[in-house]
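One structure is given here, and the rest of the page talks about it.
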């Protein structure tokens, strides 16, 4: 028996057929961090980065990326998302991004939440690279998912 969901018995890639699955409310939460120098963090916090507001465009980029996940990730289903939220928190040496994606559908939204975080953090890098080319994007991960056959899952703290 083949346990790989995206590979058929002949080894050919395929998109999983989710047509027979029940529609349920699904939520995924992802998180990641971008580390930077204190001066860079201060400039972003005060809105004085060379490109202006950094977090506004990063939030929009994350939302847009979640909506395009099916175009970016091979064999990922294109989804009609009900909601995507992208939030930022200043931490000691950087910015933490948390994205929540949700829908009522037949497949999960983990990849959409992860893509939102990834692109939001990449946008912060792009908007602030004139100040700090050594920024580090790290620890992008799924922290929670709810819904579907497997129910609720939470990452260990």
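Every residue gets a Cβ built from N, Cα and C, even glycine.
In the three-state DSSP scheme, residue 75 (substrate binding site) is classed as coil. Taken from Swiss-Prot, the feature substrate binding site covers 75, 76, 77, 111, 112.
Taken from Swiss-Prot, the feature active site covers 126, and the record attributes it to sequence analysis. Within the same chain, no residue at least six positions away from residue 126 (active site) has a Cβ under 8 Å of its Cβ.
In sequence order, 69, 70, 111 are the residues near residue 76 (substrate binding site), counting only same-chain partners six or more apart with C-beta under 8 A. Neighbours of the substrate site: apart from 75, 76, 77, 111, 112, residues of the same chain with C-beta atoms within 8 angstroms of the site's C-beta centroid are 69, 70, 73, 78, 79, 107.
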